[in-house]
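Engineer: Pulled from Swiss-Prot, these are the listed features:
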- His718: active site, for 2'-5'-phosphodiesterase activity (ACT_SITE)
- Thr720: active site, for 2'-5'-phosphodiesterase activity (ACT_SITE)
- His797: active site, for 2'-5'-phosphodiesterase activity (ACT_SITE)
- Thr799: active site, for 2'-5'-phosphodiesterase activity (ACT_SITE)
- 171-245: region 'N7-methyltransferase activity' (REGION)
- 246-428: region '2'-O-methyltransferase activity' (REGION)
- 429-555: region 'N7-methyltransferase activity' (REGION)
- 556-692: region 'GTase/RTPase activity' (REGION)
- 693-835: region '2'-5'-phosphodiesterase activity' (REGION)
Amino acid sequence: MKVLALRHSVAQVYADTQTYLHDDSKDEYENAFLISNLTTHNILYLNYSLKTLKILNKSGIAAVEVQSPDELFALIRCNFTYDYENNIIYLHDYSYYTNNEIRTDQHWITKTDIIDYLLPGWKLTYVGYNGKNTRGHYNFSFSCQNAATDDDIIIEYIYSNELDFQNFLLRKIKERMTTSLPIARLSNRVFRDKLFPSIVNIYKKVINVGPRNESMFTFLNFPTIKQFSNGAYIVKHTIKLKQEKWLGKRVSQFDIGQYKNMLNVVTTIYYYYNLYHSKPIIYMLGSAPSYWIHDIKQYSDFTFETWDPLDTPYSTIHHKELFFDKDVNKLKDNSVLYIDIRTDRKNMDWKEWRKVVEQQTVNNLNIAYKYLSTGKAKVCCVKLTAMDLELPITAKLLHHPTTEVRSEFYAILDAWDIITIKRFIPKGVFYAFINNITTENVFIQPPFKLKASPTDYIVALYALSNDFNSRQDVINLINKQKQSLITVRMNNTFKDEPKVNFKNIYDWTFLPTDFELKDSIITSYDGCLGMFGLSISLSSKPTGNNHLFIINGTDKYYKLDQYANHMGISRRSHQIRFSESATSYSGYIFRDLSNNNFNLIGTNVENSVSGHVYNALIYYRYNYAFDLKRWIYLHSIGKVTVEGGRYYEHAPIELIYACRSAKEFAILQDDLTVLRYANEIEGYINKVYSITYADDPNYFIGIKFNSIPYEYDVKVPHLTLGVLFISDNMIHDVVTVLKKMKTELFKTEISTSYTYMLSDNIYVANASGVLSTYFKLYNMFYRNHITFGQSRMFIPHITLSFSNKQTVRIESTRLKINSIYLRKIKGETVFDMSE
């Protein structure tokens, strides 16, 4: 949902939009809670409070002040990510398609012939990093840029087996127009750009697990972050390949040689980072034109020193000349060298050309070896061709996508490679490598071992759920790692499936109850965003590839109502109850009936079950931003601090009742996942609370009334306000609690309206208005370690007779309390108090 704050109402009516007028009788937190549970996507918030907007944003719900009709129109028609700390909005708005336009934030693409393969009459526009060049389009009170681009389509095409780009583009645009927006993927770059600077500023040692190409620019500014990926393809791995011949396959209709060179250099930079943890100088031989340097400099400041007879417009220092073996001593330490020298073929015969290429390969290798043999902190990426060749067995082989699969590939070498064993590799094996293997990631660091690292902060986004990891090892890592942000695939199946298919692999699934954590928050993507200064206008869908975000060692753990809080906890319930259910009271009715409480009079105001816990369980797929386990735990240890809102402290038994209702709901819905989740949450409640039951009671608390509007034949009709199991020396403690509660007890508005047979030969009258007081009394006794209440549901009633009687109904009648007393069962009254 998105909340657009206005000072004045608007005349125009928008679809899926609701107006909320700030309620001055309630505080900012209560207003935020009410807004968060509205069911439309767009909320126009009138007479708004800035504090309420802040509360919503910290909860991950985008809430923005809107000052003009243009701002309102821009925000209501699309989704966006909001940097609420810096007041920047990143639109995810593809309406530019109506300009016959596709967009890119990679400059090199604009220098290709891609324009020849677009849809007829369409153009390509460069919009800069995260669309920052579009800021001039929006003259708004907040900074605004459109981060939507078609780079995802272009990159997917490059790695696909399809050649016809126009058909591919058309199909993908049609898919985009007919499917829901993948908001998490679109906002992820904004999130990473907020996340990693904040972590690096706090923690000296940061580990990042499983980065992919979409993060290749993000980490250029963080050479000290230790990356873990799937490892490199090295020369000794070629032993498994059978020899093949030249293939000559076209990969892309437009020229992607620039992309290949950029990937080679970025791969080399990250390889260098992992060895030396600092930024290198970047030397490039055969560099022209290297338009992609502009892309890298948009993200991070590097020194590029280049050699080529042709211009390299974006390099820092360019030598418009050839580079020779004798020039190697010009290259400094703390650097990487990219050798991409290749003479143009022109009209040369292919056999003669082949000799030239092979000689250049030897020359390139000689330059690489000479560069690495002296000095320190050096890495080289060198262009090679398929030929009979000796290479170090530890050399890293690269084959990033290029326009045509021909004979070229690349190798990354370091100082250790040149002194290790070399192996002779025949030309046919290199062709097998080129023909069959595409390097899909610029991160070629070794795989991460699933072990906790006490001094490091571990980030693992979408990286550990794959079933080639041990599920238990993943759980152990999360349980033991003190400081981390780790995601795992959420189990949102209905059959409680332990693993689910994702693309061509399987992922393990997890529920919050799989982990045993303290000082940790388990939330959704939106809930996590709120903790890092961002909010989002579109929540994750309840089904599909969703993840739990687990933040260990956060200073926000005790800020229960600020982060990963209960905002939106009833939203799905409202959507169902006020649309397709039998009555808007359906949730209340079901919760009471499923706990054998058949008195439904006033069920919507006097319910016997925690609605928070019930909704958090049965609709967890919709509201898992709320960290239920944390909420339960902080209540159990009495460490709940709230800034505002209507706060009601649940008795632990209310939480148990909620789990029982949720389990019955799950059985009726055939939802095995909710069934297990509710069972495990009930087990967790019993673990963190020390709940004892007076199932064999010896005392009870009774309420005597001035008069009863029914006929009765018992000596003194009374309401049993609860039973206890105590020793005689605890009577004083019980009396102390009753005295503390005296005012509230006598203010309880108890009423009755019918009689019924509680069981055979037990004729009773109902008593409404009791439960709230009962649960408060329960909490008082619980905190004083006094066993109060039974394991079965407390059903307030007044016993009238121990024989079968005809039931009657009357107008609801208020009962005046005469006295409240503590009495031993089958014994004497030990305490009595009147108002």
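Cβ coordinates come from backbone N, Cα and C, glycine included.
Note that this is a predicted model, so its numbers are computed, not measured.
Thinking about packing and proximity, how do these listed features fit into the structure?
Structural biologist: Reduced to three states, the DSSP call for His718 (active site, for 2'-5'-phosphodiesterase activity) is strand.
Around the Cβ of Thr720 (active site, for 2'-5'-phosphodiesterase activity), the same chain contributes Phe700, Ile701, Gly702, His797, Thr799, each under 8 angstroms and 6 or more positions distant in sequence.
All protein chains shown were included, and the count of other CB atoms within 10 Å of the CB of His797 (active site, for 2'-5'-phosphodiesterase activity) stands at 20.
Mean pLDDT, taken over the region 'GTase/RTPase activity' (556-692), works out to 91 on the 0 to 100 scale.
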Engineer: Counting Cβ pairs under 8 Å that sit 6 or more residues apart, are there three or more between the region 'N7-methyltransferase activity' (429-555) and the region '2'-5'-phosphodiesterase activity' (693-835)?
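Structural biologist: Between the region 'N7-methyltransferase activity' (429-555) and the region '2'-5'-phosphodiesterase activity' (693-835), contact is absent.
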Engineer: Taking only same-chain residues 6+ apart in sequence, whose CB is under 8 Å from that of His718 (active site, for 2'-5'-phosphodiesterase activity), what do you get?
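Structural biologist: Long-range Cβ contacts: Gly702, Ile703, Lys704, Phe705, Ile798, Thr799.
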Engineer: Determine, from DSSP, whether Thr799 (active site, for 2'-5'-phosphodiesterase activity) sits in helix, strand or coil.
Structural biologist: strand
Engineer: Is it possible to get the count of other C-beta atoms within 10 angstroms of the C-beta of Thr799 (active site, for 2'-5'-phosphodiesterase activity)?
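Structural biologist: A count of 17.
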